[in-house]
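Undergrad: Just passing along the structure, written as structure tokens.
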Amino acid sequence: MVKNPPLHVCRVQQPQASISRIHSLVHSMAILALFYYRVSILFDSTRDKPTLAWALIFASELLLSFIWLLNQAQRWRPVSRTAFPERLPADKELPAIDVFICTADPKREPTVEVMNTVLSAMSLDYPPEKLSVYLSDDGGSSLTLYAMQEALFFARSWLPFCRMYGVKTRCPKVYFSESEDGHSHSQSTEFMADRETIKSKYELFKDRVERARENEGIGYTSVTSDQNPSPLVEVIHVKSNVAMDMDQAEIPLLVYVSRENRPTHPHHFKAGALNVLLRVSGVLSNSPYILVLDCDMNCNDPTSARQAMCFLLDPKISHSLSFVQFPQNFYNISENDIYDCQLRSFIKILWPGYDGHRGPFLSGTGVYIKRKSLYGSPTPKDIDLIQLKQCFGPSNEFIASLCQIHQCNTIGNEDSSNVLQETRLLASCTYEKHTQWGEQARFILHCNGWTSVYCQPSRPAFLGSTTVSMNDIFIQQTRWNCGLLQVGFSRFCPLTYGTLRMSVLQSMCYGFLAFRSLFSIPLLCFATIPQLCLFNGIPIYPKVTDSWFIVFAFVFVSALCKHLSEVLLSGGSFRIWRNEQRIWMLRSVTVYFFGFLDVAMKWIGKRGTGFVPTSKVIDKEHIERYQMGKFDFQAPTMLLVPLIALVVLNMETFIGGVGRVIIETSYDKMFGQIFHTFFILTISYPVIEGMIQRKDRGRVPTSVTLLSVIFSIIFLSLGSVVLI
Ligand SMILES: O=c1ccn([C@@H]2O[C@H](COP(=O)(O)OP(=O)(O)O[C@H]3O[C@H](CO)[C@@H](O)[C@H](O)[C@H]3O)[C@@H](O)[C@H]2O)c(=O)[nH]1
Ligand SMILES: [Mn+2]
């Protein structure tokens, strides 16, 4: 018997793994030496030192080292994978896929863009009768519903066109904005004529939706009334089993879902929307695999489904494989990506790193999930109907769908009214009451024995737009960090709940993610305490002539060099390294800190965590500044003041400190702190420039600068009194 060639290969990334291991070892020895120095001085009563400042700096070093340690796990065994879709079985043997797309707000998420995502998913290179596309609309907007009908109309031309010419870019907006598709047909006159026809159809589709938006009547009215906010599930297109009408058979099932949303019921934002889609699709198509997409993430490579199947169908790993995660790539990243919007470390380091320990975490978009894994462990125990209902709620239809998970239902016309009736129950806001829906954290799949893989093909499988304005980045990343830290402090803490159920290295990976916001505490200390001490002439680092100074210098240089080597090895440049250093520092004292505050506020019951979707509306001014690599300080005063005040504090203490060193000639004692403050000021140069030099609208507002100066002076005076 001829052995089938493998559907995919996996290899450990060398030399990254070796460099990381050696570095971890050497760096940890230097850290231990540093601790020894701190402890010996702290408990040496003959040494004159500001005990509070020393203790705070030492605590910060301990916390920073702890997060560093967690961080090493994801660098231990990075892997990369390649899939061979051409080796998959014939189309008729492929399993069905449900695509879930979420949208929430037609004002922040332009409907035409959302439809582009829908169209790109409908035209995936996969048997259309095995594809079902669901759109969840938390905005409940009649515009979205109308646009879906228009999108279906356009899809009837778009899909055959893509298939006929093997179009690679199946998101119409992107396709028509590119000059060529790199296809041999691109020269033929027939192709050019067809392309023009389709282009005008796309323009027509866009115009219709735009006009509907401008027309108040159909614009933002709700699909449900205030008196009757019941859910709406509308099957826009039914795929027919019998290919009587060719046109019908070639378009996937298309469903619009607007779940019930009452202010009195928690609706769990996107997670709640996905749960509703899971149930509704369960009784409609019940495909064994699910692709989850954000409305701003279009399918850039139509073969992604087939690539995912190379893993999901591989008998060697499929038993426990829960999902295949693709990276989140964005098309609107500028060359000098000042805010690190491309999330380089996530895409190039974290995900491959997690993949080396039984799999990456779920990002929430661009992921193919095995439906069964969302319903229990890979080796489920027998449970009876009553238990099933306690877990999954009262719907008999849905429970039945669980039982036949490997078999696909199709909705026929005769029973569609009953099934649709059931979908409304499943999309109601009370359905989850007294059930286990929405109770678990996202790494629970791995705790239950499931694994995942990370697939990063050279052509990005999904491409999205990301936010490139400082204000939106503040909102978005505060939300991320708050959510992650909440898991860290919940009963699902990866370091406790996780270590009992996963490997130590895997729990460390998740621990890093959950506790990353805690970077804010040591970094806030490092941004203030050495500076206060410098200003008051108190040393907290060894003298530059002392041999212990080498330990501190080594830890600093070794951390920077490791980061630089990672950036360069992953194809980055020196500039990316500098940007990432800067943004890490700025993030630590802003979004990580706000995320931490959000969790603290939630604890004391002051506010619930919300999910404000980022704005996907193109704002020319913000984009221009981002493209030019100029920081954009058009953000709320509340968010800017802490950052600006810290930079001002560093400027004040640097000037004061250097003045003192010159007068007292205490150069060797204070060198460490002078360098420390100087480094911060160099890294924060764009902030200083925004305060002092810039005149454009993106500069730091004068009111913010003034307020920051006042705060920094108060802090400097109080701090000097308390610490010294
Ligand atoms: O109540 C809500 C709020 C949001 N969304 C949808 O959630 C998606 C993500 O929202 P977006 O504003 O684009 O957030 P991002 O910060 O860009 O999303 C990232 O961060 C989210 C977690 O904060 C993840 O869920 C996403 O997958 C990930 O791309 C969008 O499709 C929204 O329409 C809902 O469906 N309901
Ligand atoms: Mn997004």
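Placed from the backbone N, Cα and C atoms, the Cβ positions cover glycine too.
Under the heading transmembrane segment, TrEMBL lists 21-39, 51-71, 509-529, 549-572, 584-604, 639-663, 670-688, 700-723. What TrEMBL lists as UDP-alpha-D-glucose binding site is GLU109, ASP138. Feature annotation from TrEMBL assigns Mn(2+) binding site to LYS270, ASP294.
For the listed features, I'd like the structural context: burial, neighbours, distances.
TA: If you look at the transmembrane segment (21-39), the same-chain residues 6 or more away from its ends with a CB under 8 A from one of its CBs are 54, 57-58, 61-62, 65, 68-69, 72, 75-76, 542, 548, 551-552, 554-555, 558-559, 562.
Residue environment of GLU109 (UDP-alpha-D-glucose binding site) contains 25 other Cβ atoms, counted within 10 Å of its Cβ in all protein chains.
Annotation for LYS270 (Mn(2+) binding site): spatial neighbours CYS102, ALA104, ASP138, ASP294, GLY364, PHE611, criterion Cβ-Cβ under 8 Å with sequence separation of six or more.
Cβ atoms under 8 Å from those of the transmembrane segment (509-529) belong to residues 53, 56-57, 59-61, 63-64, 67, 70-71, 73-74, 350, 353-354, 357, 361, 443, 446, 481-482, 484-485, 487-488, 493-495, 498, 502, 540, 584-585, 588-589, 592-593, 595-596, 599, 646, 649-650, 676, 680, 715, 719, 723 of the same chain, restricted to positions at least 6 beyond its ends.
Same-chain residues lying 6 or more positions outside the transmembrane segment (549-572) and placing a CB less than 8 Å from one of its CB atoms are 15-16, 19-20, 23, 26-27, 30-31, 33-34, 37, 344-345, 348-349, 541-543, 580-581, 672.
Long-range contacts of the transmembrane segment (584-604) within the same chain, counting only residues at least 6 positions beyond its ends with a Cβ under 8 Å from a Cβ of the stretch, are 473-474, 477-482, 484-486, 489, 516-521, 523-524, 527, 639, 642-643, 646, 680, 683-684, 687.
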Undergrad: What else in the chain is close to the transmembrane segment (639-663), if you only count residues 6 or more beyond its ends and a Cβ gap under 8 Å?
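TA: Counting only partners 6 or more residues beyond its ends, the transmembrane segment (639-663) has Cβ contacts under 8 Å with 471, 474, 524, 527-528, 531-532, 534-535, 537, 586, 589-590, 593-594, 633, 670, 673-674, 677-678, 680-681, 684, 687-688, 691, 700-701, 704-705, 707-709, 711-713, 715-716.
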Undergrad: When DSSP states are folded down to helix, strand and coil, where does ASP294 (Mn(2+) binding site) land?
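TA: Its secondary structure by DSSP: strand.
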Undergrad: Sort out the residues at least 6 away from either end of the transmembrane segment (700-723), same chain, that have Cβ-Cβ distances under 8 Å to it, and list them.
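TA: For the transmembrane segment (700-723), the sequence-distant neighbours (Cβ-Cβ under 8 Å, at least 6 residues beyond its ends) are 50, 52-53, 528-529, 532-533, 535-536, 633, 637, 640-641, 644-649, 652-653, 687, 690-691, 694.
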Undergrad: 10 Å Cβ neighbour count around ASP294 (Mn(2+) binding site)?
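TA: Looking across every protein chain shown, the total is 26.
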Undergrad: Under a threshold of 6 Å between Cβ and any atom of ligand 2, which of the binding-site residues GLU109, ASP138, LYS270, ASP294 are retained?
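TA: Near the molecule: ASP294.
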